[in-house]
Amino acid sequence: MDGDNQSENSQFLLLGISESPEQQQILFWMFLSMYLVTVLGNVLIILAISSDSRLHTPMYFFLANLSFTDLFFVTNTIPKMLVNFQSQNKAISYAECLTQLYFLVSLVTLDNLILAVMAYDRYVAICCPLHYVTAMSPGLCVLLLSLCWGLSVLYGLLLTLLMNRVTFCGPREIHYLFCEMYVLLRLACSNTHIIHTVLVATGCFIFLTPLGFMTTSYVHIVRTILQIPSASKKYKTFSTCASHLGVVSLFYGTLAMVYLQPLHTYSMKDSVATVMYAVVTPMMNPFIYSLRNKDMHGVLGRVLGRPFQRPK
């Protein structure tokens with residue numbers, strides 16, 4: 001196959017992480033189950049928030065958008081993955097691969113930025129409660145979300161355009177679940193120094209800056225909570241941000257396992273970590289946010305038409 005990766009006929013072979021038919025069947029049913037659970041969980045969160053005026057607050061506004069992002073995120077990768085598990089033809093066109101990569105980068109970035117905005121929301125609610133209504137006005141919430149979307153779209157476009165300049169040659173076999181940046185760069189036969197430098201530099205800004213902001217927010221939140229004299233009030237206050245803290249830990253923990261390493265050390269063992277951030281995290285987010293949320297339990301009960309009992 002020649003090195004002209006701009007050809008409309010260019011293709012990759014998306015081989016997945018196993019070529020065993022038996023293992024592929026197991027993986028098919030596993031990922032199908034996880035996909036259905038993810039879709040159901042995030043759709044229920046969106047329906048619950050949109051159907052009850054008591055949940056029309058900044059925190060739930062951002063949570064609904066996080067659920068929408070997670071829903072879009074898994075739909076970008078898993079359906080193609082399921083088709084490949086059941087098909088002998090593993091080919092994915094170059095254009096389709098780049099499209100998948102674009103949405104993957106954009107949606108991961110959007111997830112990251114929304115989590116940072118949610119941390120700011122919790123900071124204002126706990127550290128500056130008297131100013132919460134004015135500080136988190138509907139106009140500001142829409143503006144913050146628009147900035148998140150804009151930065152995510154531009155960042156995904158930047159990396160995708162840079163990837164479009166990379167030349168591939170030899171066997172274009174992707175032993176992975178989807179078209180992922182590091183995996184594609186390992187297949188390149190042209191110099192990838194520039195794109196790798198841009199990837200590291202922009203990645204540090206796009207991901208570490210929000211992480212630093214969230215860390216600073218939680219330092220102030222913890223300090224404020226420690227000043228509360230009542231133990232029960234401390235617990236109640238902390239519980240309002242515990243779910244967000246759990247999601248942030250899961251999101252950044254799995255991303256760090258995959259991306260905080262040199263390109264030349266990237267290997268198939270990182271597939272497990274990739275599955276964690278690409279599939280497990282979007283699946284777990286609705287459960288984490290609704291597990292101990294009494295308001296969410298009541299609304300979900302009405303949406304489902306039956307009582308929604310919190311697990312003992």
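Glycine too: its Cβ is placed from the backbone N, Cα and C atoms.
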Membrane topology agreement for SER93 and GLN227 per Swiss-Prot: no
Whether the transmembrane segment (197-220) meets the transmembrane segment (141-158): three or more C-beta pairs under 8 angstroms: yes
Secondary structure content, the topological domain 'Cytoplasmic' (121-140) (per DSSP, counts of residues): 17 helix, 0 strand, 3 coil
Fewest-neighbour residue among disulfide-bonded residues, criterion Cβ within 10 Å, set CYS97, CYS189: CYS189
